[in-house]
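Read through the structure below, which is laid out as structure tokens, and then see the notes.
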Amino acid sequence: MKFPASVLASVFLFVAETTAALSLSSTYRSGGDRMWQALTLLFSLLPCALVQLTLLFVHRDLSRDRPLVLLLHLLQLGPLFRCFEVFCIYFQSGNNEEPYVSITKKRQMPKNGLSEEIEKEVGQAEGKLITHRSAFSRASVIQAFLGSAPQLTLQLYISIMQQDVTVGRSLLMTISLLSIVYGALRCNILAIKIKYDEYEVKVKPLAYVCIFLWRSFEIATRVVVLVLFTSVLKTWVVVIILINFFSFFLYPWILFWYSGSPFPENIEKALSRVGTTIVLCFLTLLYTGINMFCWSAVQLKIDSPDLISKSHNWYQLLVYYMMRFIENAILLLLWYLFKTDIYMYVCAPLLVLQLLIAYCTAILFMLVFYQFFHPCKKLFSSSVVEGFQRWLRCFCWACRQQKPCDPTGKADLQSSRDRDETPSSSKTSPEPSQFLNAEDLCSA
């Protein structure tokens with residue numbers, strides 16, 4: 001049975017960020033910064049409440065007679081109690097014999113073109129641990145993108161405007177960044193396990209390191225770009241946020257309406273139609289919050305029974321990173337044009353270049369992960385390198401298709417002149433050679 005390290009990491013980040021936020025809010029109150037205090041408390045307590053509801057919903061405690069657990073969740077102590085319960089189950093699992101076990105069937109990753117199906121017995125204790133891990137993974141994602149991401153953006157903005165980074169603020173920003181990166185990492189692992197549910201997925205340590213670096217560069221760059229733009233154009237940042245929000249929020253619903261599928265009724269049997277709608281809107285809100293800061297890796301599909309698309313769409317991934325890179329470049333350009341005196345001692349061109357390179361570094365680590373460290377890379381129809389080579393061949397073909405236009409015209413003109421000058425000659429000019437079509441070139 002695996003050690004519940006993910007549960008311990010989730011609880012540690014939850015407690016550390018909440019404690020740091022409450023301590024910093026008291027500092028703002030003593031300094032007379034009421035607005036900063038209110039926003040800091042809002043971005044700390046709101047995700048706490050959502051985490052409690054998530055843990056209650058996954059474990060279905062509302063339909064069970066557990067008043068002590070409900071009281072602890074009302075006191076915002078639910079994660080601590082759940083963590084204590086997890087370790088009690090873990091340390092007592094080897095002492096008692098399991099009376100009932102369930103059998104799961106998983107397929108191994110293909111080896112030499114063959115894939116074997118293996119059976120595994122899952123006892124009650126291990127099943128409970130799996131449920132707890134799943135609940136804490138979802139809670140970590142909610143904490144990261146509905147609390148830590150706005151909190152990090154707010155504290156970095158305050159530091160720039162006040163031109164001062166205190167110890168408490170730097171500690172909270174560090175914990176918030178770790179929380180966001182960890183939430184994005186859990187999102188990646190969750191997406192892999194959902195898409196390849198029939199396979200036994202084992203993620204190697206180097207894969208975790210690669211995802212961590214990819215998400216760290218991506219999220220840090222995005223937050224810095226938004227804060228820099230907000231510091232010089234406060235009104236226009238609202239427009240940017242609203243465009244991003246409604247684009248990602250409405251996209252799954254537009255696809256659902258376009259598919260013509262019936263309204264999903266099998267999310268939870270105890271939920272009414274109104275409750276199902278509220279859950280779907282909350283999931284869409286979470287999906288939107290993730291995509292505003294980084295690639296979600298999980299594509300929401302409302303007409304699917306699992307609510308998650310199991311197909312990996314490389315086209316959406318490419319379009320997302322291209323559009324995000326262009327958006328970041330435009331925001332940095334506007335910041336450079338309208339920067340104020342607070343950036344007097346900052347080398348603006350160098351900072352812009354560093355941020356763009358950092359975002360490209362994030363994309364590079366992402367490509368390295370999919371090429372070398374993805375646990376299911378053997379199931380891919382083509383690798384990243386092969387896809388890049390095909391794209392390069394087609395690009396070269398397109399360039400070569402445009403070049404021969406002028407030389408062909410000149411050759412025809414020259415041959416007509418030769419025929420006019422020597423009309424009695426029986427020698428004919430050779431026909432211009434035909435070029436390869438797109439399929440021949442791409443297959444060469």
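Just so you know, the numbers here start at 1 and follow the chain as drawn.
Each residue, glycine too, has its Cβ placed from N, Cα and C.
Listed in TrEMBL:
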type	residues	note
SIGNAL	1-20	signal peptide
TRANSMEM	35-58	transmembrane segment
TRANSMEM	167-185	transmembrane segment
TRANSMEM	206-229	transmembrane segment
TRANSMEM	235-258	transmembrane segment
TRANSMEM	270-298	transmembrane segment
TRANSMEM	318-338	transmembrane segment
TRANSMEM	350-373	transmembrane segment
REGION	404-444	region 'Disordered'
COMPBIAS	423-433	compositional bias 'Low complexity'
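Residues 9-10, 13, 16-17, 20-21, 23-24, 27, 140-145, 147-149, 151-152, 155-156, 158-159, 208, 211-212, 215-216, 218-220, 223, 290, 293-294, 297 of the same chain lie 6+ residues outside the transmembrane segment (167-185) yet bring a C-beta within less than 8 angstroms of a C-beta in it. 270-298 is the stretch from 35-58, 206-229, 270-298, 318-338, 350-373 with the greatest number of Cβ pairs below 8 Å to the transmembrane segment (235-258). If you look at the transmembrane segment (318-338) against the transmembrane segment (35-58), you find fewer than three C-beta pairs under 8 angstroms, all six or more positions apart, and that falls short of contact. Sequence-distant contacts of the transmembrane segment (206-229) (same chain, six or more residues past either end, CB-CB distance under 8 Å): 149, 152-153, 156-157, 160, 177, 180-181, 184-185, 188, 236-237, 240, 293-295, 324, 328, 331-332, 334-335, 355, 358-359, 361-362, 365-366, 368-369, 372-375. Under 8 Å from some Cβ of the transmembrane segment (270-298) lie the Cβ atoms of residues 63, 141-142, 145-146, 149, 180, 184, 187-188, 190-191, 194, 215, 218-219, 222-223, 241, 244-245, 248-249, 252-253, 263-264, 307-308, 317, 320-321, 366, all in the same chain and six or more residues away from its ends.
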